[in-house]
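Okay, so here's the structure we're looking at.
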Amino acid sequence: MPQNTLNIVILAAGKGTRMYSKMPKVLHRIGGKPMVGRVIDTAAALNPQNICVVIGHGKEQVLDTVKRDVVWVEQTEQLGTGHAVKTALPHLSAEGRTLVLYGDVPLIDVETLETLLEAAGNEVGLLTDVPNDPTGLGRIIRDSNGSVTAIVEEKDADAVQKAVKEINTGILVLPNAKLENWLNSLSSNNAQGEYYLTDLIAKAVADGIKVHPVQVRASHLAAGVNNKLQLTELERIFQTEQAQELLKAGVTLRDPARFDLRGRLKHGQDVVIDVNCIFEGDIELGDNVEIGANCVIKNAKIGANSKIAPFSHLESCEVGENNRIGPYARLRPQARLADDVHVGNFVEIKNAAIGKGTKANHLTYIGDAEVGCKTNFGAGTIIANYDGVHKHKTVIGDEVRIGSNCVLVAPVTLGNKVTTGAGSTITRNVEDNKLALARARQTVIEGWVRPEKDKQ
């Protein structure tokens, strides 16, 4: 039996009633990714022959959310873990081994599974744990020699068996040559009326096949999620581990307990991240980047020596070197900032290229635009890029000075060194070095009397 032929079955069909959610349990997220997606990633890292994911409750949602190249198998009736694996049998090879994982055990890692597979060899591998509280979990039963003889679910256990602290995590390695016969011989004559996968341990022992237990090195690696409390506990463990890795790599986290990474973070040296920041997707931070408190950054690249002030939101954007962003700034998708750009409070930029040294220090909207170098936006500048049907582009040259409270109505082009007077609405192109004024002349009415209410 070739030991290198590996099938993986991931059980993900349960209802998750204790989550009190319309969303299938396995789609609830850890670190920004659905739990079952994390398990698939871990499984794929083992380079198996195939991965079968058994789904049932909310299968349409699972398929719509987790778009992965795996074998999807439907369990139409939830009749237990043994029945779930049986539904995957047609997709498993006749020889080799099958590793059984769970879509609601999101933190299982490659190292643990490789250890289990090595220990199992061509026989049976069983991942166990000794938690502080084994209540509700299946107990590992051993004989006088310490060999595993069975797993007894708590509802079927007697007082002596319930006193056992070692529990079954559910993760198993099974020989394919025996798997079909063992599954076909399962009985549902138990307290749950289900076909228990755990009953295969006793069948292996009866067939003279050794069971190799491996105790997980940390309980959270094999911990399942049945409710929102357990979900948040694993989320915090996951985030703590990520924070520790960043600290070891030289990133300064002002408070590791108030840091969330929901993706991948690539960083240079001397990066500083303040409290309550959330990072999603793929993030790249250059040398000496500082992220202020309460920022949300998603799929962004930030160049060296740039400072992001508190309460700023950056999504799908590129920020050059030596930028000053925020506080309360928003960079939306396709915002592309060159070096030495200043974006101040309550400035929003979307689908726009901003040239080197340009400043928009406050209360400005820049959308669908191309802006040159060393241009300055006065407070309250708005680029009106949408006519109700289509978006239009605005082009602004180098060293342009846009007065406060101006509206640039796209499509429009401002040449180099153009100046616009405060309060202007610019609707036509302006050539280089010109001053554009587009506002009503002020009128002062002499002798005007302010009306007052009648006093009665």
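The backbone N, Cα and C atoms fix where each Cβ goes, glycine too.
Feature list (source: Swiss-Prot):
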type	residues	note
REGION	1-228	region 'Pyrophosphorylase'
BINDING	11-14, LYS25, GLN75, 80-81, 102-104, GLY138, GLU153, ASN168, ASN226, ARG332, LYS350, TYR365, ASN376	UDP-N-acetyl-alpha-D-glucosamine binding site
REGION	229-249	region 'Linker'
REGION	250-456	region 'N-acetyltransferase'
ACT_SITE	HIS362	active site, proton acceptor
BINDING	ALA379, ASN385, TYR386, SER404, ALA422, ARG439	acetyl-CoA binding site
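Remark: GLY14 (UDP-N-acetyl-alpha-D-glucosamine binding site) has LYS25, VAL26, GLY56, HIS57, GLN78, ASP104 as non-local neighbours, by Cβ distance under 8 Å and separation of at least 6 in sequence. For the region 'Linker' (229-249), the list of distant contacts is 19, 28, 30-31, 106-107, 220, 223, 256-257, 259-261, 265, 267: same-chain residues at least six beyond its ends, Cβ to Cβ under 8 Å. When other Cβ atoms within 10 Å of the Cβ of ALA379 (acetyl-CoA binding site) are tallied across all protein chains shown, the result is 18. Cβ neighbour count for ASN376 (UDP-N-acetyl-alpha-D-glucosamine binding site) (all protein chains, 10 Å cutoff from its Cβ): 17.
Candidate binding-site residues: ASN385, SER404. Fewest other C-beta atoms within 10 angstroms, SER404. Cβ-based crowding with a 10 Å cutoff singles out GLY103 as the top-ranked of the binding-site residues GLY80, GLY103. Neighbours of the residue listed as 'active site, proton acceptor' among the binding-site residues LEU11, GLY103, GLU153, ALA379, ARG439, defined as a Cα within 10 Å of its Cα, are ALA379. For the binding-site residues LEU11, ALA422, the ranking by surrounding Cβ atoms (within 10 Å, all protein chains) places LEU11 first. Put simply, of the binding-site residues ASN385, TYR386, SER404, ARG439, the one whose Cα is nearest the Cα of ASN376 (UDP-N-acetyl-alpha-D-glucosamine binding site) is SER404. Within the set ALA379, ASN385, TYR386, SER404, ALA422, ARG439 that the record links to acetyl-CoA, no two Cα atoms are more than 22 Å apart, and one pair reaches that distance. Closest in space to LEU11 (UDP-N-acetyl-alpha-D-glucosamine binding site), of the binding-site residues given as ALA379, ASN385, SER404, ALA422, ARG439, is ASN385, taking the CA atom of each residue. Among the binding-site residues GLY80, GLY103, ARG332, the residue whose Cα lies closest in space to that of ARG439 (acetyl-CoA binding site) is ARG332.
Geometry remark: ASN385 (acetyl-CoA binding site) versus GLY80 (UDP-N-acetyl-alpha-D-glucosamine binding site), CA distance 57 Å. For GLY103 (UDP-N-acetyl-alpha-D-glucosamine binding site), the nearest neighbour among the binding-site residues ALA379, TYR386, SER404, ALA422, judged by Cα separation, is TYR386.
The DSSP breakdown of the region 'Linker' (229-249), given as helix, strand and coil counts, is 20 helix, 0 strand, 1 coil.
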